[in-house]
2 protein chains.
Amino acid sequence: MSFITDIMKTAEQVFIEFLKENNLSMTPQRKIIVETFLETEGHFSAERLCGLVKGKASEIGQATIYRTLKLLVDSGLAESIEVGDGSALYEHSYGHDHHDHLICVHCNRKIEIYDDAIEKRQEEVASELGFKLTRHRMYLFGICPECAGQES
Amino acid sequence: MSFITDIMKTAEQVFIEFLKENNLSMTPQRKIIVETFLETEGHFSAERLCGLVKGKASEIGQATIYRTLKLLVDSGLAESIEVGDGSALYEHSYGHDHHDHLICVHCNRKIEIYDDAIEKRQEEVASELGFKLTRHRMYLFGICPECAGQES
DNA sequence: ATCTCTGCAAACCTTTTGCATAGCT
DNA sequence: AGCTATGCAAAAGGTTTGCAGAGAT
């Protein structure tokens, strides 16, 4: 069994436990949705996931997919990125370390970034104001090297 | 003429110049909308601005308000904060220094924050990856001292 | 005349909800 | 029975667009 399949299995277990804790159960639909979610790399929209799921099992309704996606977020398996264009993108968060995003405003490429110094200062800034930090979102927007090169 | 009115006048001038540069003109509707925008402090939604504008001139359509709000953002007078709840909030950005936001997830209070060290590292992180940074958004979410106190 | 500008209403688009049915336990 | 779960279709909610008329130059 490959490493990646291994991670997926574990993630699925985590999801099943989350369901149990909330008196919910793993259903065939949820199983297909979660597996599709786990197989899909990178950042994708709910709509894209709908397409992928329907490719496997077209009888699954979009409402179920949206509902399951919400469960995935609640369970901590998924995280959503909101880049202010109306719709959300999702990505895996189980077995992935926290990171922020650097986004090319030209080609829309998204790079995951992480900086210890920033994370530390965020905590400090919040606590100086008496806040207990629970989470944060940071998006850096710029022009990536490739796009800067072609200078369309 | 008070200081605040002074700033407003200048801001309005900046807007008028922006309009001119784009072959647009200052109309009575835009004037009312812009002035209402400039008078309104803090973070507010498009809907809220609509209400305020309509209070002064009920005949102004919401489409015009949305269109003008977009012009305000393009002109650099307004900035939008997108906190992933579907709708955007706006705030002044003319005569205001750049800042990020610390948001209480309990009472929704928004505090403006600024940290030199973070700003500097953002630039560095981006440039290490070959990006030319154009802007960024950072939202810190946490519990404010007041809300932590009452522990509802 | 030829522009932009406006208000109205309708369209949009992603996400959510209501509801009746189906499936567990 | 009494739950949760599902699919469908409709609703929601914020924002945008089409359009025909009005206004400006």
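Glycine residues also receive a Cβ, built from the backbone N, Cα and C atoms like all the rest.
As the structure is a computational prediction, the values presented were derived from the model and not from experiment.
For the Fe cation site that TrEMBL gives as A:HIS98, A:ASP100, A:HIS136, the extra residue drawn from A:GLU41, A:GLU47, A:GLU59, A:GLU119 is A:GLU119. Looking at A:CYS147 (Zn(2+) binding site) and A:HIS136 (Fe cation binding site), their Cα atoms lie 28 Å from each other. Here the binding-site residues are A:CYS104, A:CYS107, A:CYS144, A:CYS147, and the one whose Cβ sees the fewest other Cβ atoms within 10 Å is A:CYS107. By neighbour count, meaning other C-beta atoms within 10 Å, the densest spot among the binding-site residues A:ASP100, A:GLU119 is A:ASP100. Put plainly, the binding-site residues A:HIS98, A:HIS136 were compared by Cβ crowding within 10 Å, and the winner is A:HIS136.
Applying an under-8 Å Cβ distance to chain B, the binding-site residues A:HIS98, A:CYS107, A:GLU119, A:CYS144, A:CYS147 reduce to A:CYS144.
A gap of 18 Å separates the Cα atoms of A:CYS107 (Zn(2+) binding site) and A:ASP100 (Fe cation binding site).
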